[in-house]
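> Have a look at this one.
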Protein chains: 2
Amino acid sequence: MTNQKMFNVAVVGATGAVGEQILKLLEQRDFPVAELKLLSSARSAGKTLMFKGREITVQEATPESFAGVEIALFSAGGGVSKALAPQAAAQGVICIDNTNAFRMDPETPLIVPEVNLDKLSDHKGIIANPNCSTIQMVAALKPLRDRYGLARVIVSTYQAVSGAGQSAIEELQTQSRQVLDGEPAEAKLLPVGSLPVKHQIAFNAVPQIDVFQDNGYTLEEMKMIRETKKILDDESIDVTATCVRIPVVYGHSESVYVELKSDYELEEVKQLLSDAPGIVVQDDPEAQLYPLATEAAGKPDVFVGRIRRDLGHTRGLNLWIVSDNLLKGAAWNAVQIAEHIALTQE
Amino acid sequence: MTNQKMFNVAVVGATGAVGEQILKLLEQRDFPVAELKLLSSARSAGKTLMFKGREITVQEATPESFAGVEIALFSAGGGVSKALAPQAAAQGVICIDNTNAFRMDPETPLIVPEVNLDKLSDHKGIIANPNCSTIQMVAALKPLRDRYGLARVIVSTYQAVSGAGQSAIEELQTQSRQVLDGEPAEAKLLPVGSLPVKHQIAFNAVPQIDVFQDNGYTLEEMKMIRETKKILDDESIDVTATCVRIPVVYGHSESVYVELKSDYELEEVKQLLSDAPGIVVQDDPEAQLYPLATEAAGKPDVFVGRIRRDLGHTRGLNLWIVSDNLLKGAAWNAVQIAEHIALTQE
């Protein structure tokens, strides 16, 4: 590794929930970092963060911040990415964007390394990291698509509050204490910070993640529908989604119903999933073993269990898919992409 | 009402979470009670409960307890119902059973009054109250079945801990405090009291309700599958279910995907649901209005929202169905049945 190329890396949104995990992963994975720039909004600039024992001061992200940077990981919201990633890309920076800003842009590859790494080299400076709830689902669907073909996907999600950021975690904790103490729960942020109506998340299930579209679906649901088709490169797959926030801190769970295009053997499905990269099968009813958000939290894998045939439709299959939304759903997928870029540029 | 017939009523399992709600409803609804017997296991016998200002001592339920009783409401577990309901019925008692003991018995009608009241008179002494998660779903499906026919139902549930009784509520509360205080969560009861493995329910989503069957489905899931077909009197409907316990105290939520047999207009679906008895439509994305467990708790209705067309399948429809699992899901449905029996015997 003596000749390994080192990269000047910028993390935009370094002080956020995902940014924090990106930093941790770059350190744990010993990513070949030459210089590390930590960037953020003006509000968080001036804070210091630790990386490999060194203190680094967070700077406000501006177009000028990217001079000399080779790889930038963005997770500071869609607005920041829209404003800065194209300018950074124009300066030759390879931008890995964790926001919704460019995911459906036909020029931008939308990458889950286990699924469509072959599209990575199509990038024109920006590579999009998919939505958290999409990533874990397509990672599990990929081996099934390859073997049987996918006709239909019907997903209902059980999503953690950390997907809405650190302040949503604090809201869940505060409300939980209030309810346990017999006090009214104060809802200040969820379901959507920018919208007027707030709903209690503690001890509740809220079927709204992100804003509503004209078709009655939320943006989160439309992300799952559109991104799944784009990543699997197949507009013919029928995908529908119901996205629900529940009082969980880390780890999205998903009840996924799949209708395959051809008949299958259940044991083969389990074997295909067990053999798939990034997937861990946890499926032993007798031992009461199945994926759980609390167990998936902090781990990079996508856990799949409750694998069983639809008793009515022979090509129907139920899956329970769980992963840490901040890791495979965000930071780890982004760092995986960065690692593949680093490999191709060695 | 001066000539109204009064009934000697027994409540079996009077000290449980559902029994408590049954008592409350009998009182609130001013059910024509002549004498009220409160029965329970030996463990709870001797406790006293209030009914219409009178203190009533709970007695141990034995075959002899039913002498003179005309209507008995059972919610003390399947074992008690199996042991006592047939003997009570043989003595002429009309038994409304809230357990799983007789639901799939071909001799026993399985009744949701809004759906199949016509089957009530078929009873041979025992009438079964369906599973909580089934009741709210079929109540909402009924008007759609009548108008369009049902081809397929794919449901994922978000179920409250109160469905597992008072001690499960306490477990959720205790664990929630433990996690908030940074202590390890002690799992003693859930997911299934009689099974060896326990999982944390606080800040988690546990895809196991009741024991596993040989086919990989849980008993709760099989209840939803079998009971839905029986209540809707149509074995040809394909039903599949994934049942999940989440950290909610009262109110089951369900993400229900329906494939209808004929094309539909979305506005007509909303109108049919609005007009259906026992159903309240809460569906206004702009106002962020949709059913929520915390709002449904304490109310007898079934709330339906997030009503939207599957963008891929023109006959596919997504619904979000929420109801208080102890009320319409249990006590209220049972008391409704009792009211209909009382009416037919006036």
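Cβ from N, Cα, C; glycine included.
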> Since TrEMBL lists A:Thr15, A:Gly16, A:Ala17, A:Val18, A:Arg43, A:Ser44, A:Ser162, A:Gly163, A:Pro184 for NADP(+), which candidate among A:Asn325, A:Asn333 does it give for that site as well?
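When TrEMBL describes the NADP(+) site, the candidate it includes is A:Asn325.
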> A 10 Å Cβ contact count, applied to the recorded positions A:Arg43, A:Arg103, A:Arg245, A:His252: which residue has the minimum?
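Taking A:Arg43, A:Arg103, A:Arg245, A:His252 as the recorded positions, the minimal 10 Å Cβ count falls on A:Arg43.
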> Out of A:Thr15, A:Ala17, A:Cys132, A:Gln159, A:Pro184, point to the one nearest A:Arg103 (phosphate binding site) in space (Cα versus Cα); all of them are recorded positions in the record.
A:Cys132
> Could you give the maximum C-alpha to C-alpha distance in Å for the residues A:Thr15, A:Gly16, A:Ala17, A:Val18, A:Arg43, A:Ser44, A:Ser162, A:Gly163, A:Pro184, A:Asn325 that bind NADP(+) per the record?
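Binding-site diameter by Cα atoms for NADP(+): 32 Å.
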> How long is the line from the C-alpha of A:Ser162 (NADP(+) binding site) to the C-alpha of A:Arg245 (substrate binding site), rounded to the nearest angstrom?
10
> Between A:Thr15, A:Gln159, A:Ser162, which of the binding-site residues has the fewest other CB atoms within 10 angstroms in the structure shown?
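Relative to the other binding-site residues in A:Thr15, A:Gln159, A:Ser162, A:Thr15 has the fewest Cβ atoms within 10 Å.
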> Measuring Cα to Cα, how far is A:Cys132 (active site, acyl-thioester intermediate) from A:His252 (active site, proton acceptor) in Å?
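Distance (Cα to Cα, whole Å): 8 Å.
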